[in-house]
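Right, I'll just put the structure down here and ask away after.
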Amino acid sequence: MAFSITHQIGALAGTPVTSEMSNGASGEATAAVNAAVLRKSPASTLRCRVQRTDGVDALSPPLSPCRSPVLGGIRPDLSVACQAFATEVAAPTEVKEYKEGGERGKGKGVPVYVMMPLDSVTMGNTVNRRKAMNASLQALKSAGVEGIMMDVWWGLVERESPGSYNWGGYTELLEMAKKHGLKVQAVMSFHQCGGNVGDSVTIPLPKWVVEEIDKDPDLAYTDQWGRRNYEYISLGCDNLPVLKGRTPVQCYADFMRAFKENFKHLLGDTIVEIQVGMGPAGELRYPSYPEQNGTWKFPGIGAFQCFDKYMLSSLKAAAEAFGKPEWGVTGPTDAGSYNNWPEDTPFFRKDGGGWNSTYGEFFLSWYSQMLLAHGERILTAATSTFENTGVKISVKIAGIHWHYGHRSHAPELTAGYYNTRFRDGYLPIAQMLARHGAIFNFTCIEMRDHEQPQDALCAPEKLVRQVALATHKAQVPLAGENALPRYDESAHGQILQASSFIGEGDSEETEMCAFTYLRMNPHLFEAENWRRFVAFVKKMKEGKNPDKCWEQLEREAEHFVHVTQPLVQEAAVALMH
């Protein structure tokens, strides 16, 4: 053929594709990552074993899969309500202006933002725990935090009827941030809250959207067993007028325009970044590993989400155009279930697996390109809406680190990231973001390889290095988040280490443009955790090559904590009564 399968599927999905790495370049991606992105700390050595090695010869698409026993357990939810200060705290320290993404050099430092509680705005559209919120923002500002990140929930603002927006609680919360001199990363949260790691509250999609999904269940992502997922509307109907005469993308665009009009006086000054939600948990991915109702447990491989009629219609058209109409009848049915491991399945097993066949390349190219095309559509709406407002646009990508050491990278594939031992799945995403001048926001920055279960071939550090290389190559600013709440110095040290890296051909380190800390809650304000956090913020602002020595920064943090500790204790006692 004149063009590779990747190019053909990209054309069918309406998204330009750059095929930087091919299946033939065996091991090339891994070698490039290890050679080109060098950390100053020694790389961790994986001591891994594959739990299951029995394979099946059949390739996809065969019969339905069998299930294996559930492995692992659900990670604990540490997202809880916001703790507060009830009295004044020390005077705010001076903080740096929001960095322009992509700056290079040594010692510039990385600004730290703190993620607000998921329920910062109530179902009644008011600020939750107003007094506590106000005092906590004072504390964050005094500790040198650059700003806060808040979810602006579609399910709250446009809950009752289409085109009717209630910004009540957000108006007050944003004014509070402005009053305290904190900058804001506003997340356009077009997904349901509830059912994912760390979700402590439930905020469904708008009522009228849920009503439409109830009428037409194929508007929801669907797996091969017919399970419907209400977290986010299926991207298969992005351009179809299925929501009371509007397409989903039109609904997202109208919401963003309404936000801009309502808060235009804060854009570029208080509101410095708009993170555009593109899937479950606000991430650009398919809902392949839902925790709700125990469907998925870490470290299962997840399941493909392409069995609603809209996705299957697109798959059918792609298969016919490719000259293999039989491949368009259904998605892979030999890819196991949510809690299988790669070697349990014919599709994902390392030797002779369907993922590495011609059919596998066709399907995975289509599946991943549908996700990229979805990102293109929403980014086009976002960039046109917020053009010339002074805000940055960002997109969050999930840090799927389990089974990363396996050849097929099964959990990444089911989520829509076509990343394998032989292919770089993050470079196309970075290139898509580059076309729109957007920031690549990545999670799991706090994790170390050796902390994760090695029989599941987890490798978060290696994954972060691969993503750093992809953003460096695409010239896209990289921002980070911790995937799970962490308060220990080990995690803080890992974040500091990962906040800058040396890219291919560079003599100086490239720093992240920002880091967002998950999340503001009672644990953060516990005396020892608060001491560590204050020191962490100071170190991040100084960068890896600080003007001050670490000991001086530690002393400053200790002094700050000493001054504010009685106030913290007083507030804690007050909140208990």
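Cβ atoms here come from the backbone N, Cα and C positions, even for glycine.
As annotated in TrEMBL:
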- GLU283: active site, proton donor (ACT_SITE)
- GLU481: active site, proton acceptor (ACT_SITE)
- ASP151, HIS191, ASP199, LYS396, HIS401, THR443, ASN482, ALA483, ARG519: substrate binding site (BINDING)
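For the listed features, I'd like the structural context: burial, neighbours, distances.
Listed in sequence order, GLY277, LYS396, ILE397, ALA398, THR443 are the same-chain residues six or more apart from GLU283 (active site, proton donor) with CB atoms under 8 A from its CB.
Listed in sequence order, MET115, LYS396, ASN441, PHE442, THR443, ILE445, PHE515, THR516, TYR517, LEU518 are the same-chain residues six or more apart from GLU481 (active site, proton acceptor) with CB atoms under 8 A from its CB.
The Cβ of HIS401 (substrate binding site) has CYS444, MET447, GLN452, CYS458, ALA459, PRO460, LEU463 as same-chain neighbours under 8 Å, each 6 or more residues away in sequence.
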Using a Cβ cut-off under 8 Å and a sequence separation of 6 or more, which residues in the same chain sit near ASP151 (substrate binding site)?
MET116, LEU118, SER120, VAL187, SER189, CYS193, GLY282
Taking 10 A as the limit, how many CB atoms besides its own sit near the CB of ASN482 (substrate binding site)?
22
